[in-house]
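Structure first, then comments.
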Amino acid sequence: MSLTITPLSPALGAQISGVDISRDISAEERDAIEQALLQHQVLFLRDQPINPEQQARFAARFGDLHIHPIYPNVPDTPQVLVLDTAVTDVRDNAVWHTDVTFLPTPALGAVLSAKQLPAYGGDTLWASGIAAFEALSAPLREMLDGLTATHDFTKSFPLERFGTTPQDLARWEATRRNNPPLSHPVVRTHPVSGRKALFVNEGFTTRINELSELESDALLRLLFAHATRPEFSIRWRWQENDVAFWDNRVTQHFAVDDYRPNRRVMHRATILGDAPF
């Protein structure tokens, strides 16, 4: 096995080379990638011209795949969703968020492939919830560890943007009905590494349940700002056929919306996870 892992920043991020994910990777390669993901939280691979079927196959080596209730998907490969700025409003990605935390079992991770890019712009940033939690003072860590927060699908997918046609409205209403607001711990324990991470995000978290509305709003503002500090984050400048694979259990990300009216097309396969604790 010739797989090479190059760390990119102290908090998170590593580049992997020496593996071709268009083919069915070996068990040894799969285990090495999983260990790298646990350590570095987000992995980047250059020059991976994969098709949707290959992308889904690679992602499925790490768990069952999720079909997104709102975003369009590849017709013959529904496990791969399409983020195409020419056809879909993707402004919700231009906010710090952890994918699908409105689910009882949010995603374990996601595999994102760059298909069409603007000449410049359209970078993505990731931030480590582990680094953010560990940098807090001990009294604040202790307080947060016993709190829960509400996550709401409609915060990132409001009706006025995602219910503009009868078909979209029906899809939005069904998604809201099937995904009512729910609670997750403010501090999540990684089910494999045991490390603790902040698990609130601006995209879906609406309030801290045990606090008053005033206290909740103030604390969430603090946590949202703290969790995305530069020293806890990494910024990736995409090239076509790049692939990113991140641990959604302990990270959040932000897609920079600075390239309009140019087009950006990305494919994402999302891996189902387990209930946060």
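Glycine too: its Cβ is placed from the backbone N, Cα and C atoms.
Values in this document were obtained by computation on a predicted structure and should not be read as measured data.
According to Swiss-Prot, the protein has these features:
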type	residues	note
BINDING	His68, Tyr71, Asn93, Val100, Arg268	taurine binding site
BINDING	His97, Asp99, His253	Fe cation binding site
BINDING	Thr124, His253, Arg264, Arg268	2-oxoglutarate binding site
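When the Cα atoms are compared, His253 (Fe cation binding site) and Thr124 (2-oxoglutarate binding site) turn out to be 7 Å apart. Sequence-distant neighbours of Asn93 (taurine binding site): residues of the same chain at least 6 apart with a C-beta under 8 Å from its C-beta are Leu83, Phe254, Ala255, Asp257.
On the backbone, the CA of Arg268 (taurine binding site) and the CA of His97 (Fe cation binding site) stand 15 Å apart. When the binding-site residues His68, Tyr71, Thr124, Arg264 are ranked by how far their Cα is from the Cα of His97 (Fe cation binding site), Thr124 comes first. Rounded to a whole value, the Cα-Cα separation of Tyr71 (taurine binding site) and Asp99 (Fe cation binding site) is 12 Å. A 10 Å cutoff on Cβ-Cβ distances gives Asp99 (Fe cation binding site) a total of 26 other Cβ atoms nearby, all chains included.
According to its DSSP assignment, His68 (taurine binding site) is coil. When the binding-site residues His68, Thr124, Arg264 are ranked by how far their Cα is from the Cα of Asp99 (Fe cation binding site), His68 comes first. Apart from the site residues His68, Tyr71, Asn93, Val100, Arg268, the chain places the Cβ of Ile70, Leu81, Leu83, Asp99, Thr270 no farther than 8 Å from the centroid of the site's Cβ atoms, the recorded taurine location. Each residue in Leu83, Asn93, Leu112, Ala244, Ala255, Met266 lies on the same chain as Thr124, His253, Arg264, Arg268 and has a C-beta within 8 Å of the C-beta centroid of that 2-oxoglutarate site, without being one of the site residues.
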